[in-house]
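Enquirer: Take a look at the following structure, please.
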Amino acid sequence: MEVVEVESPLNPSCKIMTFRPSMEEFREFNKYLAYMESKGAHRAGLAKVIPPKEWKPRQCYDDIDNLLIPAPIQQMVTGQSGLFTQYNIQKKAMTVKEFRQLANSSKYCTPRYLDYEDLERKYWKNLTFVAPIYGADINGSIYDEGVDEWNIARLNTVLDVVEEECGISIEGVNTPYLYFGMWKTTFAWHTEDMDLYSINYLHFGEPKSWYAIPPEHGKRLERLAQGFFPSSSQGCDAFLRHKMTLISPSVLKKYGIPFDKITQEAGEFMITFPYGYHAGFNHGFNCAESTNFATVRWIDYGKVAKLCTCRNDMVKISMDIFVKKFQPDRYQIWKQGKDIYTIDHTKPTPESTPEVKTWLQRKKKLRKPPKSLQGNKPLCKRPKPEEDEEFAEFSGEEGANPAMGPRHLKVTEKPEKALKLGKLEESSAKEALDTRIQVDQSLLNDTKLSGKGCISSSVTAEIPPEDNRASAVISPSQLKEGADCIPLSHGHQAGKESHLLKILKLESPKIPSPLPESNKVLTEGEENDEEGHGSNLEPGEIPEALSEERNGLNIPKIIEGQPKTTKSWRHPLGKPPARSPMTLVKQQVASDEELPEVLSIDEEVEETESWAKPLIHLWQTKSPNFMAEQEYNATVAKMEPNCAICTLLMPYYKPDSSKEENDSRWETAVNEVVQSGRKTKPIIPEMCFIYSEENVDYSPPNAFLEEDGTSLLISCAKCFVRVHASCYGVPSHEVCDGWLCARCKRNAWTAECCLCNLRGGALKQTKNNQWAHVICAVAVPEVRFTNVPERTQIDVDRIPLQRLKLKCIFCRHRVKKVSGACIQCSYGRCPASFHVTCAHAAGVLMEPDDWPYVVNITCFRHRVNSNAKSKTCEKAISVGQTVITKHRNTRYYSCRVIDVTSQTFYEVMFDDGSFSRDTFPEDIVSRNCVKLGPPAEGEVIQVKWPDGKLYGAKYLGSNVAYMYQVEFEDGSQIAMKREDIYTLDEELPKRVKARFSTASDMRFEDTFYGADVIQGERKRQRVLSSRLKNEYVDDPVYRTFLKSSFQKKCQKRQ
């Protein structure tokens, strides 16, 4: 067997290996894979296999132009300095022909380049420009019938146990996926679902570049990503499984993370190994096919794979059947949680084991005639249409797992003969219009219900939804000749019975337009409370409608005994953030948060604000008072988080608490005793101290942290400021009993921060020999630490003049002069500005943010707005109460609550991984929930779906939804949710105030007022404008007038 590029049989350098098997060696996939690992190929996490020249998976690719790409995605990328976040936005369906034309157009085509290195540089340089379209996650195969060698649709590996024993088919995991790429389409850093193997074959087109990190160094990449993206990390431990994070090779190289790269040409295979992180991009238009597979070596990886916990539809495979079947000697101790096993990433997989041989022999005996996997299989049953609103914004929340993938409404056909993607027949528009559907109605009526799902006897269709998902069931008889149809997938029906689905027109998603990263000045008049600032994509970028040649339906056929089907989302959908760029300075003209006029502190007026009372002697406008600084530092050292730098993310003052509670918290801290030598975990991420990737003096992250992630709390012997050694940049050998902070070492008793108006706290010297708070240097965007590990040489020279002119809403009336540099609220275009220490003292919420932002700041107004919905829902509304809500004319009016209804819904997780949180209790057929109440949490149940079939599920919980029937003054009624209703004592949002009117149209005046009042105060009759005399007017009186006039004219003519 020929092996090139790497000579060492064990591959100690973990380099990507390339293999060139002979035709004889190529015939047995599992045997050759074991050979590859015996040479150490798995240590790189990625390997290339160049098949024999005589092997062809498909003879011709000219006949796939009409293959439908049901849900293309547009990949928007944000970020800088080698650290990026990718968001996938679903677009309208198109054919391969249309996609190829788009990929080769001047807007999306590959730029000119000298070599692959030059193209790679252009990729990382232009990553954030011109969002490309990716035809990803298309369930199906384009292998020719009869190709047995390395057939991605049937590799015959131990992963087949999932479908054979459990009857579950996971699209893209144990079925093949097709990918149509164009220049710059990307797959972000990730390992495979459940840390499985994967295989990728590039059928034709331009090359594909790959990056790979050896499995033995995967944890290092995770730690680096957690540091750069702390917000994502806090939301989900396995956030890299979201497939949204891009880290450039230059960043990996800088932080010492081993990686290798390779280019895959057309006609070559790439194999990824368990826990091998990989990423890459396409050089231009191409077509690839891939799937997952497994060996016995993978089982130990699957047992410890870290799974995404924030999304309900991420792939999760029960390891029970694998351990029981292939590791029987360890099954019992594994079930007891005592199977302690450390994975050896260097160990190759065995060619076979007695358990595998037994399984293969049994499989051969039970093997049925091969069934084609070509074409699309139907998806799993999806949540009800009522959940559609949650998908509209491509949100990342996971009630019913919104926005994590394009929810296709699948339709499967069965032609007269077995039809494959490779043998698609073109049909004209006329033929499509003449197509008739004839379905034996008895098949629909006589289908027996069962918990495992029923055999399909209906024709189903597939819709790539845009902003949301919607469906309506119709009978075959409702299909009209010439009705708009969409192409059917080609292959067999798998799983549950589908229905004919009515196609609903959905709007294209709106994409927030990015703000220019310049020092743009915004006045408050320009502020927009809405989080998203969107505009439609350029017209013509994606074909607006399906072409006529894609219309038509074929007669279905019953396929028996098919497994349930779920789906793996390789490129989940996401929503780009709508927020201001890091360097944007928004000038404040007049803020709603401005404090009432207060005389200057210098005039010795008693402070009334609770948050400002402890600071009375710390304002820089007062004479230096080192004893006051000592007292303040010593007091706050006893308050969580016990570090003067970590406190940036955990302020001492709690604005939501009462005045008495805040005063009590401060008094308690004064009387506490400081514990010395304690180690705690810093809550401020290390990456908050990094300004950009160009910090060349920066050593590996967390240089001064202990191995367990903790750091020693140390206190200055003179000023009593308390900090983590790692946060303040103190090496372990400098920590001693009489440790002094930087300002006390220099006896700088009058030192004060040049970035704010307060004294005290942890200070470091700047490059121009001034002083600055470490927390100010962290939070002000343009300030950087030249020496990051030691937090020294603070550079403040890059602060723009616009920022220096901003006025702090907290101290502008407490001091006589404007000084320091303010930060601003991160919400949209909010111009609220404040000093870092003032905002911290007042309790403004600051949180670590993902790169390239450092902290996310939320002012009080937007903190209230973000919680308004939940707080509003806490207030009860009764029948007869006067409230404010939106009328059908889109304006807001006062109205009266006339009825309140409630409905209890159950939250269930179906066997195929789909999720519903609005299941009616009466739909649970395995238990009489109306009489007995809900089942126990986690109990297995049977759910009757609207399609009339039964599905297995697990009960997760319940929720209650309330609807309020309101009546307006004009007599019209409407049912509203609680979050859409405002009581008279609630503060109305600005957008509601702008559209609030005192009375609706008095169409039914006598309902509310007497005839005498109406006669005297009736509105004047509206007259139709002469400009609109030729326009259609939706007015019954006017239409009656026109009709009578027309009839009179006709009578005269007669």
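The backbone N, Cα and C atoms fix where each Cβ goes, and this holds for glycine too.
Checked Swiss-Prot, it gives:
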type     : residues                       : note
DOMAIN   : 16-58                          : domain 'JmjN'
BINDING  : Tyr134, Asn200, Lys208, Lys243 : 2-oxoglutarate binding site
DOMAIN   : 144-310                        : domain 'JmjC'
BINDING  : His190, Glu192, His278         : Fe cation binding site
BINDING  : Cys236, His242, Cys308, Cys310 : Zn(2+) binding site
COMPBIAS : 361-370                        : compositional bias 'Basic residues'
REGION   : 361-407                        : region 'Disordered'
COMPBIAS : 386-396                        : compositional bias 'Acidic residues'
REGION   : 509-541                        : region 'Disordered'
ZN_FING  : 687-745                        : zinc finger
ZN_FING  : 750-783                        : zinc finger
ZN_FING  : 806-863                        : zinc finger
DOMAIN   : 875-932                        : domain 'Tudor 1'
DOMAIN   : 933-989                        : domain 'Tudor 2'
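Show me how these features fit into the structure around them.
Expert: Cβ atoms under 8 Å from those of the domain 'JmjN' (16-58) belong to residues 1-6, 8-10, 142-144, 147-151, 155-157, 201, 203, 210, 212-216, 218, 260-262, 264, 267-278, 295, 297, 345-346, 348-352, 422 of the same chain, restricted to positions at least 6 beyond its ends.
In the shown protein chains, 20 other C-beta atoms lie within 10 A of the C-beta of Lys243 (2-oxoglutarate binding site).
Mean pLDDT, taken over the domain 'JmjC' (144-310), works out to 90 on the 0 to 100 scale.
DSSP classifies His190 (Fe cation binding site) as strand under the three-state reduction. Remark: His190 (Fe cation binding site) has Leu240, Arg241, Lys243, Tyr277, His278, Ala279 as non-local neighbours, by Cβ distance under 8 Å and separation of at least 6 in sequence.
Taking a C-beta cut-off of under 8 Å and a sequence gap of six or more, Cys236 (Zn(2+) binding site) has these contacts in its own chain: His242, Cys308, Thr309, Cys310, Arg311. Secondary structure at Cys236 (Zn(2+) binding site), taken from DSSP and collapsed to helix, strand or coil, is coil.
Packing against the zinc finger (750-783) from elsewhere in the chain are residues 582-583, 615, 618-621, 624-626, 628-629, 632-633, 644-645, 647-648, 684, 688-689, 691, 721, 723, 727-728, 741-743, 791-800, 803, 808, 811, 814-815, 819-821, 823, 835-838, 840-841, 846, 854-855, 857: each is 6 or more residues past its ends and has a CB under 8 Å from a CB in it.
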Enquirer: Inside 8 A of the center formed by the CB atoms of Cys236, His242, Cys308, Cys310, which other residues of the chain have their CB, for the recorded Zn(2+) site?
Expert: Gly235, Asp237, Ala238, Phe239, Arg241, Thr309, Arg311, Met314
Enquirer: In this structure, which of the binding-site residues Tyr134, Glu192, Lys208, Cys308 has the fewest other Cβ atoms within 10 Å of its Cβ?
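Expert: Cys308, out of the binding-site residues Tyr134, Glu192, Lys208, Cys308, has the fewest neighbouring Cβ atoms within 10 Å.
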Enquirer: Any idea what the Cα distance is from Asn200 (2-oxoglutarate binding site) over to Glu192 (Fe cation binding site), rounded to a whole Å?
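Expert: Distance (Cα to Cα, whole Å): 12 Å.
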Enquirer: Enumerate the residues of the same chain, His190, Glu192, His278 excluded, that satisfy the criterion Cβ within 8 A of the mean position of the Cβ atoms of the recorded Fe cation site; list them in sequence order.
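Expert: Near the Fe cation site, beyond His190, Glu192, His278, sit Phe187, Trp189, Thr191, Ser198, Thr272, Gly276, Tyr277, Ala279.
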Enquirer: Looking only at DSSP and grouping its letters into three states, which state does Lys243 (2-oxoglutarate binding site) belong to?
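Expert: The residue in question, Lys243 (2-oxoglutarate binding site), is coil (DSSP, three-state).
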Enquirer: Could you round the CA separation between Lys208 (2-oxoglutarate binding site) and Glu192 (Fe cation binding site) to a whole angstrom and send it over?
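Expert: Rounded to the nearest whole number, the Cα-Cα distance is 18 Å.
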Enquirer: May I ask for the distance between Tyr134 (2-oxoglutarate binding site) and Glu192 (Fe cation binding site), taken between their Cα atoms and rounded to an integer number of Å?
Expert: 19
